[in-house]
Amino acid sequence: MLILFIMVSSAADDFFSPSISSIVAHLRISESVAGVTFMAFGNGAPDVFGAIASVLSSPTPKADLALGELFGGGLFVTTMVVSTIILTSPFDVEVFSTIRDLLFYLAALSFLGFCFIFYNRVTLWMPLTFLGMYLLYVLTVFGAQAVHNRKRKALQKENSTKSVKSQMSRRSRKSIHSVAPMPVIPEIEVQEQGAPFPEISVVTGAIDKLKDHMAEKAQTSRRYTKRASFLMNGDGNVNHLHPYAKHIGLSRRESELSNEDEEFVVIHGHVFQGHEARSRAASLVPEPMKISSWQSKDVLTDLIEHLDPRPDADDWEEMNIISKFMAYINVAPNFLFKLTIPLNEQSWSKPLTLIHSFTCPAFLLFSLQFFLRAPFSGSPGLWLYGLAVSIVIALLLIFFTELGVQPKYYKEVYSYAGFIMSIAWIYLISSEVVNVVTMLGVVSRVSHEVLGLTILAWSNSIGDLIADVSVVKQGYPRMAMAAAIGGPLFNLLMGFGLPFTIAKLQGKYISMTINPTYRLLILFLAISLLATLIGIPVQKFRLQRPHAAVLISIYVAFIIFVLLSETGVLVWN
């Protein structure tokens, strides 16, 4: 169990999160949109696939059993995972998107409660309603983002107009009063999105020292780009080393509309400005090793350097004893990760990319248990089709890429491929965690319902917890919050809508009864969502540690009530 937890932590922290960060930068989407799309899919894929498998594999599926694990995981994520995010870093919520997610979740939960009360079986319109609700939710998310972008551009235009008028006013006053010339203000050339990366143009000695420091940091290792960066405001002052900064002196409306538009990031001799400043800075890739031919020894050296599973020397020196012990355990898993997960923070290596062209499709089929499955009668397994795809990709790489020259879209392709392969690993590890925890439950003779609502829900949510916390540590608490609410909502809408729609189209009868344990689950899930919905305005739209304590108390109360119900102390009429 310890090894599995270390493996899923490494897969989420070192491979999944960098891919998410680069995808956000490439698509130029907000943290909230990324949270309810990529993060929600990554966190919810195991639960949705599990619900589909459990429903379709049974000739007479039961709605309550299929939804029990989804409810249990949703309660754990909306209480314990959200509280962990807040304890890791209290933050200002994105008001509209968070309240929107909570209201959609409560609406879905209310509709499901209505179905349980007035119906004893599932009819086709019920799961279709859930699929339609998810479509409406996605349209609302993207519509709100479009409105947000339009308002932000209007605010930028208004600020630029004020700046021009202010400069003209100063010049007119200078000419009228013949004031002595003002001292030269240092200017910094700022990178606009979509343009080539410029170097920092500096005047003052302070900015020179900053550039020298960043150049020194950039020489650490060619294998990885360090994610930490200095965050600066428009006056050229260093705010702090924390991965994200607060807007000081701005109203909440201006802060939300501008997001990070008033700030820019200085990293590796480049200046980045705009909505995705942190992500754009993190999207830099080290230069590839200059290799002349395949006969060169540098080919093997470069491959060994990329597959080296040990931590960097600088990171090793900063580790404590526990971290070093975990790093030792993670050496073998990390080697397997690097063989099967494209890492967009590494420099271009053609030999490793050729290896990935064979290992990634094969492992993807293996993790989804499709490796030996035949698509039709008499056909060979899907592994043969995957091998054919790998050969085509390898031929394209051989003929259209060079050894020592990074391809044009290397970063983008590796980000999306790394995202998919990270999900495959997290899904595989989470499935094995479920098997281990199930065995522990069998040995301890815990009832199936309590096991599914508690221990299985915990184990299935470990990936969510680790992925969300790692995203918070990179400076994206809003994305983690959106994933913590949007992920369970995605699980509920798709986990109920998709498998039961397929089952009804197959003509299966699906019973729909609710027992006391599931009543408690729906009740406490609604309480947790209402607590956050009410707590956001009460705390003036900043989630802080007392709110985390409230959420933890709700989950502890739920566990106590379940135990009382199972032991017969609490009896439902």
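Using the three backbone atoms N, Cα and C, a Cβ is placed for every residue, glycine included.
No curator has checked TrEMBL annotations; they are predicted automatically.
Sequence annotations record features per position, and here TrEMBL assigns domain 'Sodium/calcium exchanger membrane region' to 1-142 (among others). Counting residues per DSSP class in helix, strand and coil order gives 121 helix, 4 strand, 17 coil for the domain 'Sodium/calcium exchanger membrane region' (1-142).
Here the domain 'Sodium/calcium exchanger membrane region' (415-563) has, by DSSP, the following mix of helix, strand and coil residues: 126 helix, 3 strand, 20 coil. The domain 'Sodium/calcium exchanger membrane region' annotation in TrEMBL covers 415-563 (among others).
Taken from TrEMBL, the feature region 'Disordered' covers 153-172.
The annotation transmembrane segment is assigned in TrEMBL to 70-90 (among others).
Under the heading transmembrane segment, TrEMBL lists 102-119 (among others). Non-local neighbours of the transmembrane segment (102-119) in the same chain are 64, 67, 78, 126, 129-130, 133, 137, 140, 485, 488-489, 492-493, 496, 512-514, 522, 525-526, 529-530, 532-533; each lies 6+ residues outside the stretch with a CB under 8 Å from one of its CB atoms.
TrEMBL lists 125-147 (among others) with the feature transmembrane segment.
Cβ atoms under 8 Å from those of the transmembrane segment (382-401) belong to residues 350, 353-354, 357-358, 361-362, 364-365, 370-375, 407 of the same chain, restricted to positions at least 6 beyond its ends. Annotation source TrEMBL lists transmembrane segment at 382-401 (among others).
Taken from TrEMBL, the feature transmembrane segment applies to 413-430 (among others).
TrEMBL lists 450-467 (among others) with the feature transmembrane segment.
Taken from TrEMBL, the feature transmembrane segment covers 479-498 (among others).
The annotation transmembrane segment is assigned in TrEMBL to 518-536 (among others).
The transmembrane segment annotation in TrEMBL covers 548-572 (among others). Outside the transmembrane segment (548-572), and at least 6 residues removed from its termini, the chain residues within Cβ reach (under 8 Å) are 75-76, 78-80, 82-84, 86-87, 447, 449-450, 453-454, 516-517, 519-521, 524, 527-528, 531-532, 535.
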Subject >> Positions on the same chain near the transmembrane segment (518-536), where near means CB under 8 A and six or more residues out >> reply: 64, 67-68, 71-72, 74-75, 78-79, 82, 93, 95, 98-99, 102-103, 105-106, 109-110, 112-113, 116, 453, 485, 543, 547, 550-551, 554-555, 557-558, 561-562, 565, 572
Original post:
When the region 'Disordered' (153-172) is classified with DSSP, how many of its residues are helical, how many are strand and how many are coil?
Top reply: 20 helix, 0 strand, 0 coil
Original post:
What residues in the same chain, six or more past the boundaries of the transmembrane segment (125-147), come closer than 8 Å to it by Cβ-Cβ distance?
Top reply: 29-30, 32-33, 36-37, 96-97, 100, 104, 107-108, 111, 115, 119, 489-490, 492-494, 496-501, 504
